[in-house]
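Here TrEMBL flags A:6-28, A:40-60, A:72-92, A:104-124, A:156-173, A:194-223, A:235-264, A:276-293 as transmembrane segment.
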Amino acid sequence: MSLQFLADGLFAGALIGLGAVGLTLTYSILRFSNFTHGDFISWGAYLALGTVGALTGWIGPAARFMPFSFGWPLIVGGLLAMALTGLLALLLDAALFKPLRRTGHGIVMVIASFGASLALRAMLEFLFTSEPAYFSRAIQIAIPVGLGIRVTPDQAAMMGLALVVVIAMHLLLTRTHIGRSMRAVSENPALARVVGIDVAAVIRATWLIGGALACVSGIMLGLTVQIRPQMGFDLLLPLFAAAILGGIGSVWGAIIGGLIVGVAEAGAVQLIGSEYRSAVAFVLLIAMLLVRPRGLFGVREG
Amino acid sequence: MTGVPALVAHGIEAGYEPGLPIVKGASVTVGRGEIVVLLGPNGAGKSTLMKAIAGLVPIARGTVTLAGAEITQTAAHRMVRLGLAFVPQTENVFTTMSVEENLVLAGHVAPASVRAARLAAMLELFPDLARQRGLAAGRLSGGQRQMLAVARALMIEPHVLMLDEPSAGLSPKLVRDVFAKLVEIRASGVTILMVEQNARAALAIADRAYILADGRNRHEGSAAALAADPDIAEHYLGLGGADASVVGRSAP
Ligand SMILES: Nc1ncnc2c1ncn2[C@@H]1O[C@H](COP(=O)(O)OP(=O)(O)OP(=O)(O)O)[C@@H](O)[C@H]1O
Ligand SMILES: [Mg+2]
């Protein structure tokens, strides 16, 4: 049996993991399951498509970094798109979630986010149609790395990026004031206020960071498959599975959960066929909730 | 008590749901440099009054002033910047963070130039915490946790320190330790308002006391006078001596 599924699974898993990091942060600080997170991923990809298009339209086509399929416009455009996706999340919070937070219960927020998710997806379809779009049509040659595994240069770059992002998130949460404040609000919002933390500011930071991370996974997804309006929504189940597997609130847990889900999905595709792919995340999710609801690295009941 | 009092709560009406006051017009005044204790039966509304002053429970009526400036509707997170520190009765440390992180987080409101010195000062004042600085606060003993909560509050060098049952769940020896620390802290110029069930031990270090029942002031007076009043002793102080330290409840 070929070990290729390992490489494909780890790549998909890194992408799922990055999305799950944002999801786990918003969940632990805002205390509701945010269904729009998948749509932030789609919006992130489209926003990057837009910023890259605008940059190349403005300055002209740029050479790509061989052997990768992309050049500096994707880097600069990606950073811009991360900021824009963060702003989109902030905007949605100000318009929808903030008013509900005052009165609403968790379930009201979940349902509101479900509605917002439909609306965000419909807007993408309206703006960009459901025709697939691409960052680049350049064909990537997969390079053999041993054991019969082949990896494209883009995949390798994205894995590296995912690692950098997770380490950055880890440092943010453990070494900076805003990161410690986020952990404080997630554990005990009342005590956080008592020690002088402006909870509203922490919530804004959380949306910004969650949106930006969703954008990164959107770009990763866009580089490997086609960009379509429902691509992020389709990822929702694996995202939740990864976040719960790793333990709500745990950044490393979300990434490791993502890798487990990614590899399990790829393995299942190879062993029993692609029809069962989406069942894998579901089975993992349910199994974890039954066996260990707080997840691998969680501190609280999920 | 001379000059402008450090903290005045006047005619406070506060509760968790609109139209359902728990504190029904209570008043407390704390002079500069005083230790004042708030006594009263379980459910009297002592914690609710403390939380209302700290900005965690909405105040429907009444005013709170800190050194003469009104702070009634000030958001809780701004209180520490005004020099008012609060140690809640339960869940008063971040259990998933280390001892040091708890202190660093609280010290952030201070100017960057003094933070390191404050942390060092706290670790010196509480040697137990210095030994455990890397440990998650959730793994401290009840007494150490209470010390951490107090140290955390002191990181802002407050003018007024409010403590809700700092001795709850502690052994008699630790109760004495905590109260000795509080006397030390007051000597450094901090004004203290605290709720206590260890009434006799608290009265022994306090200047004045208030007794709250059903959300209202019931008695007030100098700590010595209240401790000596047989009627009050029978109803509110328990019958034991200062060191019997009848601790009614276990740690949270
Ligand atoms: N978070 C809350 N939500 C709703 N009601 C509450 C809440 N906390 C306390 N109460 C109610 O307010 C009343 C007073 O509680 P409070 O905690 O202020 O009393 P206390 O005097 O501090 O008592 P104790 O000595 O037991 O600590 C109680 O009847 C309690 O049920
Ligand atoms: Mg109480």
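Keep in mind that glycine also has a Cβ here, set from the backbone N, Cα and C atoms.
Quantities reported herein were computed from a predicted structural model and do not represent experimental measurements.
Residues 34, 37-38, 40-41, 145, 149-151, 155, 158-159, 162-163, 165-166, 169, 182, 186, 206-207, 209-214, 216-217, 220-221, 224, 232, 235, 238-240, 242-243, 246, 248-251, 253-267 of the same chain lie 6 or more positions beyond the ends of the transmembrane segment (A:6-28) yet place their CB under 8 Å from a CB of it. Counting Cβ pairs closer than 8 Å and at least 6 residues apart in sequence, the transmembrane segment (A:156-173) and the transmembrane segment (A:235-264) reach three or more and so form a contact. Tertiary proximity for the transmembrane segment (A:235-264) is limited to same-chain residues at least six positions away from its ends with a CB under 8 Å from its CB atoms, namely 5-6, 9-21, 23-25, 27-28, 33, 35, 37-38, 41, 162, 166, 169-170, 173, 186, 217, 221, 278, 280-282, 284-285, 288-289, 294-300, 302. Within its own chain, the transmembrane segment (A:72-92) is flanked in space by residues 36, 40, 43-44, 47-48, 50-52, 54-56, 59, 62, 65, 116, 120, 135, 204, 207-212, 214-216, 218-219, which lie at least six positions past its ends and keep a Cβ under 8 Å from the stretch. Here the transmembrane segment (A:104-124) has Cβ contacts under 8 Å with residues 30-36, 38-40, 42-43, 46, 92, 96-97, 229-230, 233 of the same chain, all six or more residues outside its ends.
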